[in-house]
Structures are given as structure tokens and as C-alpha cells.
Amino acid sequence: MKFWASYLTSALLAPLVVAVPKAPWVLDRARGHGRRALGASIEKRAHFPREACDVKSALDIEAPKENLWAELSEPEAVSVVEWLFAQPDLNLTTAEDAGSWDNTLLLVELMHPNKTDALAYLDGTAGAPTRYVHAVISHQASEDPYYQDILVGPLPIVNGTTHWEPLEYPFTRKSQGRVRNLDADADTLFDKWVHNVSATISDITLDMWNATALGLDNDTLSIWGIDPVYQDDDRILRWDAFWSIPRGIFDTGSIMPMGLYFMSDVTGRDASKWSVEGWYHNGVFYETTEEFRAAYWNGDVEKLGGNWDGAWSSTDQQGTIPPLDTTSPPVAVAPQGSRYSVDDQRRYVEWMGWSFYIGFNRDTGMSLHDIRYKGQRILYELGLQEALAHYAGSDPIQSHVGYLDSYYGFGPFAFELLKGYDCPAYATYLNSSFYVTETSRTHLNSICLFEVNNDYPIARHSSTHYVTATKNVNFVVRSISTIGNYDYMFSYSFFMDGSIAVEVRASGYIQAAFYAKNEDYGFHIHDQLSGSMHDHVLNFKADFDILGTNNTVEIMSQVPHTTTYPWSKGKMFNTMKLNRSFILNEDESRFNWSANSQSQVLVVNRDEKNKFGENRGYRILPYTGAAHLTVQNSSVLQNSANWANHDIMVSQRKDTEPRSVHKYNNQDTKNPPVDFNKFFDGENLNQTDLVVWLNLGMHHVPHTGDLPTTVFTTAHSGVQFMPSNYFEVSPNVETVNMVRINYSDGKTTDVVTFGSFDDTCELSYEPTFPDFWEYKGDVVVRKFPYNPNDPYYEATGI
């Protein structure tokens, strides 16, 4: 007999494609802000008997309901795009033909239904909610360009019935779904502008570094700057910096600052009215180009050299190979194949009593919905909302950067996973799709599902007569999005004791600062390089439904206590006790994790008690670090990221407050489309439908160990949801994957394995070492104009 690991490689039918250089739509992100420049670079399970050592992929299963959070079907997307282009009032131009003064269609995706309608369908009291489409238009045929969210429907498209209207209700700012577009000219005038400015000092850059940035193919410098642009009342200001262009294949651009910066006033769309507002170099600010030129050629500017790539910035193997490292490391296998079930069309998963649907969208990538354990809903929704990287430094670039990454989107950058590295080779792999420039793009194998046996038991105990242990097997759903220089790994893990873990890890190249005058903001880590201090804060939505939608947050704290007891004969006794309280309204619902982790945060149903009279619920607890933003009242972000100021925030759930942010919050930081502070207006939180907004993150001061790249092992943050008085005993005792060994007088007297698998099989290694030549990238399907006889417009690798 043999056993081997197996995997399911496709969730959507797609043609085979050949890996080629990065797709043009990815390369397009290299224009404009620095993040773009770097952006180039998913009661017990039914028993299915199996033969011993019979290896199978994930078991096929039919979801009990349709997935209300899945992507649009191909016919739906095609019909919506065609209909929108036929609307004269939208005046749309295809992306191929559009210039900076044309209106374009940026997004077409399913509008998630309101929770009230979704629950009625999921719980069998109503039919499926009517489907609508969320679309985004970039209106650029105007002196005042703007983005607009619109609602299109109902589906299916029927001429005379289908209509569009501004989408306004999910946002705190009521402006017909509109927000100004500060990037309307990013791909044209900004490129010309910065290179024209650079040309005025090209003799200096040649003299200082023997390098230029003139917008030519042979440039050796690039120019990019702050994000968001600085919004000073009615003025739009930007700082840009010079960076050396990588000379090899490695994505090292973010660690190559040259230490020279200039500020521009780019208010309005008429570039002839833009102006250079000053230069900065080595701690000195120069008001004009003429002042900087004069100082340089008079010898008053110190030449500090620059940063250039080399072996030190390569991620390839280098240095002395550790002993025995060329022999194979341990490899994980699934001896009898997958022990979970998947409906890959509806993105529905079941494992050991757990079940959930996987959603996917452009802004935030993967999310989980209708999460149940033993048939009881624990969470209606769990998923990322936003990721912030806020920098600080002595120079004007690091001081003005506060990336809000949903602007770029986690969906488009959730690339194909590396089997055997990002996830076990035996995992089940699903595809993800998203809309861009009249095409639907599919990233193959971008979500993975797998079981893993941890390196420690979930429970054990030993005594003088026996030892017992239970295997700690859990189920993981994972995706990785590469946003500019950082790769974010998102993992949702489900455990046999009824707990859930949410984790994020970060790797990739840091965004570094030039070392001059930066001692208070980072370590000196290479020749002219400083590690630029920054905070990563990632906001997650956890919509708990503990035994119904009416829940309350309880705070239970262990506090020092001095008291007397009947047995202490009047003497004071120093000890501790529990203080319990409930968060009753939104005036008291934003807070941080307690010092010394002395307080427990629990989501309970006060109307559902166990047989001992305790509230049944789930506890929320951080592990491996959690963080909120260090900066207070950020000059860069203003009101665009008020969700980042605390660790935990609880609000009354509303259909009008589905997300804590809007992807275009960076376009109007003072008055953003979604101001999270406006969620909190004193409303009742006692036994009502509530949402917990949680922040994960890391306070990062890069050191030499972050070269060439930051590592997942330490750039790691997570939170757990664990049952609290929810079950009578921990459900991990239900698994048969445990052992009890009885012994006496130094001899084993009994071994009990409870019916767990104990056969012996021959191992086949082939599936555990995948063929990396099969890595494909993405598949592109043109939606407009659409030819059903030849739908595959192009196939491009990432």
C-alpha cells in the first residue's frame, strides 16, 4: 500500500497559461505614488468510510445555501459591463482608449446583501436576497474629477427594469457616493512634472551620483513620493524623492533612497500653474531650485553618496551553507488525503463540525461568512477592513507616508501561492477573481485550505499510573497579498476545542530612509541606509452572533484585593478577585488591551446561560502581539483612519455601517467617505446586534535582520476567539486522535488509541515536492467588448 498527499488545484475553469513577465496592469501601478511603484514589484461531520491508505482530495459537498458573498458569475459581469457602457449619462470610455480626461469604469463586483436579508435566507425564513452590483466610476471629464460608487440592478440585467443610482447609504459622508480624485493625472502629468523638475538639476545628480531621472529608458534614478498627498485646506502638496533603480531582478527599489527631496504644489489640473516649493537635503531646506543650485555649485552641499543594490539586497542564497542543510527537511503529509469537504463552486467548507463560506473582493481580498460550529452560528462575518503603514522620520517622505492599502486593493494582489512553501503541497487550492479595465482576472491557486498537525498536543496529562495526550490538529484558510514592498499572509485557523485564530504576518522589503539626520527614527543598517520606523495596523471586522444576534460585551478583570474572610480571624488578607462589568453603550466601547493582560473581553449572550447560570459566550484575546497606532491626531491621516486609535472598538451593527473604511479615504483625509468616529454616537450595546472591530499589527523599527527582507517569524500578530462557558466541557475530547498509556512498575500495561488510524502505509514523496514549472500566474477574460466564442482575451503571468 501507498499513501500520498493530494490537492485540488482549481476552483474555476481556466485555460493553461504560460508564465511571462508581470502583467501591464500591475506595471501600471508603478506610476504616481510610491506604493504604486512598489506594487509592481477561503453537529459533527458526516462519516465517509475510506479504505486505509486511500488518498483522496477534499470531499465534494453541496453547500446548504448559495454563497451570498461570492464573485459575480461571468454572464452577470458581462451583462453589467455592457449595460453600463450603453448608458449615455455615464459617458464611459474603455480603458484602452481613455486618457486623463475620460470617464472610466474601475470596478464591477457583487454588492453584499444587508445582513437582515442574508440571515432570513440562511435561516430559511425567506428566499435569496435580490442581487445588486457595486460599481465605481472615475469621472475625469471635468476640472474637478471624482470617483463615484453606484448601485446597479437588480440582476439579471433587463432593459427597462435595470437602473443605476448613487451608492450612499454605506458611507458616513452623504455626497451621492462621490469623493474627489486626486490621482486623475497621475499617469500623465505627474510623470512629466517630476521628470521636468529633475531635469533642472540633472547636472547635480550626475555630479553627485553619476545618475539621472529624465523619463528615459536609460534612467538610473526613479522619483516617487508620499502617500497620501498632503492636503492642506485647498492646496494639494506632494513631496517626492530620488531613488536608485534596481540593476538586477530583485524588487529592491524601496531600500534605495538617495537623500534628495523636493516639494511641489500640484493643486488643480493645469500643470502650468504647478510650482516647486522647495528642496531638502541632509537637514537643510532650500526655498527654491535656484537657491539649491547655488548652494551645491558653491560647495555648500555635502555629497553623501547614495544607495545601490548588490549582493546584500538579494534574496538568493548567499553565505556559508549550514551543516546538513542540503539534505531534505521534514515534510508534512496527509496520509489518507483530505479530511474536510469543499463545494468549490460556492466556496463552502466543512471540517470537524466547522462550516463557513469564503468571500472575496477587490478591496480586502478574502473574508469568511456564516461561520458555524456544530450548526450554531458563531460569526456572521470575519475579515480584513484595512491595513495601515504609518511611517516617521526626519525627512519629508517618511514623515508624510501613511499607506492605506485598500486603495490599491488586497484582491488584485493576492497572487498564486507557492505549494510547499506558502501552504503544504497537499492543500486544496482555490482561485480568486476580480475586475479591472473591462476584464475579469483570475489568480490561480491564490487561496489554500489545509489541515495541520501542530508540534504540540492540544491537551495532555501524566500521573504516576498513566500519560495521555490529544493531537492538536487544526484547519487553516490562507491567502497572501503583496501590496507594494510588503507581502501580507492572512491565516484563519479553526481548532478542535471550538476556538478560532486570526493571524497576519508580514515579509518583503522594508521602505527605508536615507541615514542622514535620522538617528531619532531608526537604526543605521547599511552604508547610507536607515531603517524607517513605522506602525503596521490592520483592522478586522468580527460580527459575532452568539446563540442569536443579541449579544453584549463583558469585561472581566483580575484585580488586587485586600479583605477578611470568616476563617482569617479578622486579619486582612492580600489576594485578588474578579470585577465584572458590561459595555452598555457606544460611549464606553473603544479601549485597549489591559496592562498585564489582566482583563478578559467576552462577547456573551446574557439571555443564554449554561446549566450553572453562567453567560455563554466567546472570549477575545490577543497573542503574538497586537497594536494600535502610536501617532496621535496624525497630520497625515487626519480623519481617514480613526479606527487605528484603539485595540478594540464595539459598535451597534447597522446595514449602513458595513465597513470601517472606504478605499478612497486617502483622497479626502479631512472629510473622508467613511469617518469611523461617526459610528460612535452613544447607541445601546446591551443585548443587541453588535460588531467588534479589532486591530492587529506590529511596531516596526527595522534593523540589520530586516535585510534583505523582513521575516514572517517575528513580523507576526494574532488574535484568538475561544469558547467561554459555551460548552459543558471542551469539545476536543470528541476526537479519536488521542492516546492513553497505562503503566506500572516501569512497564506499559495498556495502550488505548480510541479507534484512531494506526495502519502502516508506504510513503510516496512526489506530491509533497510540487513541480514549480506549473506556476501560471493569472488568467484574463475580456468583458467588454465581449466575444463568447473567444472569451480569453489574453493570458498574462504575474
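Cβ atoms here come from the backbone N, Cα and C positions, even for glycine.
The signal peptide annotation in TrEMBL covers 1-19. Positions annotated as domain 'DUF1965' by TrEMBL: 254-319. The annotation domain 'Copper amine oxidase catalytic' is assigned in TrEMBL to 332-732. Taken from TrEMBL, the feature active site, proton acceptor covers ASP405. Taken from TrEMBL, the feature active site, schiff-base intermediate with substrate applies to TYR486. The annotation 2',4',5'-topaquinone is assigned in TrEMBL to TYR486.
In this structure the alpha carbons, written CA, of ASP405 (active site, proton acceptor) and TYR486 (active site, schiff-base intermediate with substrate) are 11 Å apart. DSSP labels the residues of the domain 'DUF1965' (254-319) in these numbers: 17 helix, 19 strand, 30 coil. Between the active-site residues ASP405, TYR486, the minimum number of other C-beta atoms within 10 Å of a residue's C-beta occurs at TYR486.
Following the DSSP three-state reduction, the secondary structure of the residue listed as 'active site, proton acceptor' is helix. As a whole-number mean, the pLDDT of the domain 'Copper amine oxidase catalytic' (332-732) in this prediction is 96.
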